[in-house]
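Notes to accompany the following structure.
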Amino acid sequence: MSNFQFAIPTIDYIRILPEIVLAVFGIVVMMADALIPQNNSKKPLGYLSLIGVLVSLGAIACQARYPGMYDVNNGTGFWGMVHVDSFSLFFHVLIALITAAVLLVSFEYMDVQRMRSGEYYAIILFSALGMMLMTSATELVLIFIALEISSIGSYVLAAMRRRVAESAESSLKYFLLGSFATAFFLYGVALIFGATGSTNVYTIAAALQNMHPLQPIIYLAVALMFIGLGFKVAAAPFHVWTPDVYEGAPSPIVALMSTGPKAAAFAVLLRVLFAMNAPGWFWIVWVSAALSMTIGNIGALVQSNVKRLLAYSSIAHAGYMLVAFAAAKDAGISAAIFYTATYAAMNVGAFAVVSHFANTGEKYVTLEDYAGLGRRSPLLAAILTVFLLSLIGIPVTGGFFAKFYVFTSALQSHLVWLTIIGVINSAVGAYYYLRIIVYMYMRDEREEVPVARMPFGLALALAMCLMFTIYLGVLPTQFINYALKSAQDLVR
């Protein structure tokens, strides 16, 4: 009789330490919620959740310093299902910072909207857990599980404004369409497994290299997986849910779902397309990038609701990121990483301002409501202006170098037409961002719209986003070098 032993090496737990921290704090928050009376403020649970995110950042720092963590041969854990490298650590830190900023914005929002749901904070932590696990998973089944953890949390968070019909409607649309998209991804995984006999990204890559000729089913599998992940990043033509969901969901949650899941899904796309060396992906990405930029910018031109405008803007920016994907070289991958981080900072900041200005019931969300904001609240208007200029790509902001890096990498890969489409769309996009600025500084308000005092949590979140946006616009070299190292770690 053979002696069968089932043991997980200690280092494996270190590889998922940030996720373990978030899971523990999420459970603690739910237990603590049961001890707080229903009608009391749940802000203490928000503070506890923020502590959990900070502890997870400490766990990420421990991962980065752990001996042998980056070793190519021993760099995986849980039998090759999880891999921690510069690439995954970068996205872990990014997701943790996004989550921290959203929690800071949520403190005020929950009180102003009179939402007494303690599970709100726990679900944010569990969603962040799923996003982090997506970025380090090298097993397609584990990626699917992490994707579902993140998605289910997002569906629930979108419906947190329970008494508002638009919120329930947006959540239902998100759930139904998200379920279809996930089914496409899972079917693609099943086809890949049927063709290669594995669901491990690196094992699949080796199998595809030895498969001559490639089975046609491989191309179908890659297309199906791209559909599933394209939905998560709000790339055209899988974008139809975005405006309605962003309009109906709570503004802090829109800040989260427009950046966190997008960053995690882009990380998975990078790992699946490049590390797996998936065939047939180039033209899929090319077409989706062109459609996303064009549909997103044209759709935003006719919007009067700021949340819907930023939703279409999010679709357009997904297109810019996909331009970097199409470039396919180290420079293209690093440009996609750099753009993802820059976009997260400026978009979270923009939605933080929208969340604060919307007031009780999210009443003030139209362009007319922003008229005269420069006189009524000069600081808030100035901060929003910086984020909008960065979204345009004006110099001295992170958005400028992000777009410059993306288009440069595309030209280096001879993607001339895609670059031309991107530049034209950037010029079109400048119109609707400047339109908001014109309303804030050059239009008189039709009625007095109140602007509440900026609370400390919101001020801290805005300061984080503002400093990061300006830092990447003034001193981007160090960050670009790290993005390049992350790209090299991914494809080595």
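Including glycine, each Cβ sits where the backbone N, Cα and C put it.
Some features that Swiss-Prot has for this protein:
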TRANSMEM  16-36  transmembrane segment
TRANSMEM  44-64  transmembrane segment
TRANSMEM  87-107  transmembrane segment
TRANSMEM  118-138  transmembrane segment
TRANSMEM  175-195  transmembrane segment
TRANSMEM  216-236  transmembrane segment
TRANSMEM  250-270  transmembrane segment
TRANSMEM  282-302  transmembrane segment
TRANSMEM  309-329  transmembrane segment
TRANSMEM  381-401  transmembrane segment
TRANSMEM  416-438  transmembrane segment
TRANSMEM  455-475  transmembrane segment
Please determine whether the transmembrane segment (118-138) and the transmembrane segment (309-329) are in contact (criterion: at least three Cβ-Cβ distances under 8 Å, sequence separation 6 or more).
no
For the transmembrane segment (87-107) and the transmembrane segment (175-195), decide whether they are in contact, meaning at least 3 CB pairs lie under 8 A, counting pairs 6 or more apart in sequence.
no
Could you give the residue numbers and ranges of same-chain residues that sit at least 6 residues beyond the transmembrane segment (381-401) on either side and whose C-beta is under 8 angstroms from one of its C-beta atoms?
313, 317, 338, 342-343, 345-347, 349-350, 353, 373-374, 426, 429-430, 433-434, 436-437, 440-441, 462, 465-466, 468-474, 476, 480
Using a Cβ-Cβ cut-off of under 8 Å, list the residues of the same chain that are 6+ residues beyond the ends of the transmembrane segment (250-270) and lie near it.
87-88, 91, 94-95, 98-99, 101-102, 105-106, 109, 113, 115, 124, 127-128, 130-132, 134-135, 137, 143, 146-147, 150-151, 154, 157-158, 160-161, 167, 226, 229, 232-234, 307, 310-311, 314, 318, 321, 325, 333, 336-337, 340-341, 343-344, 347-348, 351-352, 354-355, 358, 362, 490
Using a Cβ-Cβ cut-off of under 8 Å, list the residues of the same chain that are 6+ residues beyond the ends of the transmembrane segment (16-36) and lie near it.
42, 44-45, 48-49, 51-53, 55-57, 59-60, 62-63, 77-78, 82, 92, 96, 118-119, 121-123, 125-126, 128-129, 132-133, 136
Among 44-64, 175-195, 282-302, 309-329, point out the range having the most Cβ pairs under 8 angstroms from the transmembrane segment (216-236).
175-195
